Amino acid sequence: MAASNKIHLLKDLLILSRFNKYTPVFASFAGLWSTLLAGAARLAEHPSAISPAFVLRQTGLCFLAAYIFYGAGTVWNDWVDRDVDANVARTKDRPLASGKVTTFQAMLWMVLQTLATWYLLNVMLDGNDLYVLNPLHALMIAVHRIKNGRGTDGCTYRWKHFLPVLVASFLYPFGKRPAARKLYVYPQYILGFIVAWPAVIGWAATYGQHQPFTETVRQCLPLCSMVYFWIIYLNTAYSYQDVADDRKMNVNSFYNLGGQHLHLLLVALASPVPVCMLLFLREFDSFWLWATWLGGWTASFAEQLIHFDPKEPASGGTLHKSNFMLGIWTIFACAVELLRSASKV
């Protein structure tokens, strides 16, 4: 009986983190694209500096870190929103809202996921394979660095990458409150930043401390901006599925800004995406990227906006799934670009 209860609890915790759905993968897209393309760029600049295997390893670690941290963020979101979720048809069965998971269990689960993310971030930004194989050895190295006065610099470097998304994840659920609307703050603003920021981490995972933090941010700014507007666009359509319940509960969401002109709002939100994409891709001398990114995204956006129907809120879910496939396609395009760069070495 005890074993059965533990299995049910584990299942509920996984559901609480949305690990039973495809949505956590969205949090990894920017990091994956950035890691792969940074690898392709560095191979082109300094072929002997890294190997494709290293880039793929860093890509895998970036995926795990973003995926797990998304889970931690949803735990915090659901805890803050538990009373609201209990009165919304789509969310009333979530583990915290339904009482299947206690606050203590949820908070412990959230802390464990946050610590796991921090550990993976340390591995990525240090680039040390031994950290994966032997955590005790990693601790010994950290102590040795501190004794020699080199521990704080590395820690500060890693915190620069982790703290922004940590703070944004904390603030996200409060962006849905009516008070936030008075300040013209919508949750999609914060969510866009959360999903876009891993692009900086992914680029740093390839270039490491060979590149200053400010230069990494500058390099990734067009990609971060592109992902930022993309997430606001697709999440506005996705959250519109709950429009009836949200209005009853006075939940703040960006689609309220569109009023009766939601379709035009989505067009306006989608428009900056290809512009930011152009700014990012101009750094790469690759027809393949121009064709697969700009061509693929433009065609997909046109199809999405044609089929979205404000009279059918469920069409927002279809648009969301279409963008998920677009993200998967872009991973493939970036992986091919990495292989193309490796073949020229």
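Glycine is treated like the rest: Cβ placed from N, Cα and C.
Annotated features in Swiss-Prot:
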TRANSMEM  24-44  transmembrane segment
TRANSMEM  60-80  transmembrane segment
TRANSMEM  101-121  transmembrane segment
TRANSMEM  183-203  transmembrane segment
TRANSMEM  220-240  transmembrane segment
TRANSMEM  261-281  transmembrane segment
TRANSMEM  286-306  transmembrane segment
TRANSMEM  319-339  transmembrane segment
Distant-in-sequence neighbours of the transmembrane segment (319-339), which means Cβ under 8 A and at least six residues beyond its ends: 22, 25-26, 29, 32-33, 36-37, 39-40, 43, 52, 55-56, 230, 234-235, 237-238, 284, 286, 288-289, 292-293, 296-297, 300, 303-304, 307-308
Cβ contacts the transmembrane segment (183-203)/the transmembrane segment (261-281), at least three under 8 Å, sequence gap 6 or more: no
Same-chain residues at least 6 beyond the ends of the transmembrane segment (261-281) whose Cβ lies under 8 Å from its Cβ atoms: 222-223, 225-226, 229-230, 232-233, 236-237, 240, 255, 289-290, 293-294, 297-298, 301, 305, 308, 310
